[in-house]
Amino acid sequence: MLIFRYPWFIYSFLVPCYGSLKPGFSQLQRGHRLDRKLIQSFTELSFLDCVIECLVTPRCKSVNYFKGANFCELSYENKTTAETMYMDNAGWVYSEKEHWPKGLAGACSNSNCKLNETCKHKRYSEDKFFECVLSDCGIPDQKGIDLNTTRREDAIGIHRRIHASCAGGYSQSGSGRLICQSNGEWKYDIVCEVTVPLELAFGKPAEQSSTYLTHGAEFAVDGNRGTDLILDNCAHTGDGDTNPWWMVDLQAVYSIKSVRILNRGMDEYGTDVSFRLRDVTVTVGLTESDVNTPCGFFAGPGTLSQLVVIDCPTSPQGRFVKISKTTEYLTLCEVDVLGFSL
Ligand SMILES: [Ca+2]
């Protein structure tokens with residue numbers, strides 16, 4: 001029956017090589033291999049067993065086989081999904097899972113194993129003919145991670161490892177090594193941090209301890225960077241408030257790198273009270289009721305329209321950022337909170 005589906009010359013060519021008539025042999029890509037998409041590799045496996053191993057592993061899409069060493073590699077991509085990784089390589093054979101009959105997997109052809117599992121035959125079991133065991137840790141997707149620096153032998157299978165690095169715009173700490181542990185979870189020795197922090201405060205809800213006239217807390221995050229109190233409506237706490245504070249809700253937890261305060265400038269009456277910006281404390285908190293983690297401090301006094309940069313050397317994590325002082329009047333023409341997503 002098979003002979004009618006495939007041209008005779010393919011069989012006359014393949015039979016002497018493999019001595020078997022499995023239909024997938026007609027689709028072999030000799031002298032090719034798919035690079036750096038490995039789930040797992042095996043030594044001392046026949047080509048047919050290599051294909052079967054792929055058939056029983058839901059994540060597997062293709063195999064590379066090196067006949068000289070009976071070396072089998074299972075890949076989680078194929079030449080269509082990872083075109084640029086498909087390359088010439090003498091001595092290797094490339095083959096795709098879909099070209100092989102499902103039935104080759106035996107009892108495993110109807111398994112319900114998950115994507116990160118592989119199906120193993122159970123010979124002497126009464127209730128089931130197969131079981132699902134963990135096969136891999138999945139494709140790492142940690143923020144900022146770049147998998148284009150992996151090595152030829154890297155794989156995502158259990159007990160395998162990957163050499164990764166951080167993508168452009170991220171700075172790396174750690175060796176870059178990822179180890180797939182027996183529980184199916186990656187052990188990461190890499191942290192990728194965005195090199196340029198994001199401005200997080202613009203347009204976010206803000207409040208302050210008291211308000212002078214109409215100078216509400218929102219004017220410190222309205223994007224208007226003018227510093228004339230009357231013209232530009234900076235945020236300004238009220239008379240008699242000797243413990244003034246201003247606070248913004250970033251609406252998510254971030255790692256805070258620095259806070260910038262744009263101080264008040266001269267108004268049309270020539271008033272200069274820029275010196276009021278002094279002994280300013282910046283704190284960070286996860287909840288609105290506890291914003292006490294130290295971030296940074298500015299001794300001052302400030303000068304007219306000064307952009308005061310307060311660094312937070314410990315990069316504390318928080319959702320709320322509070323600016324406070326212990327003498328009358330806190331005036332903020334604009335506040336930038338710079339930090340990183342977690
Ligand atoms: Ca403003």
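Positions of Cβ are set from backbone N, Cα and C atoms, glycine also.
As the structure is a computational prediction, the values presented were derived from the model and not from experiment.
For CYS137, the disulfide partner named by TrEMBL among CYS72, CYS180, CYS192 is CYS180.
Counting only residues at least six positions away in the same chain, the Cβ atoms of ASP136, CYS137, ALA155, ILE156, GLY157, ILE158, HIS159, ARG160, ARG161, ILE162, TRP186, LYS187 sit under 8 Å from the Cβ of CYS180 (disulfide bond).
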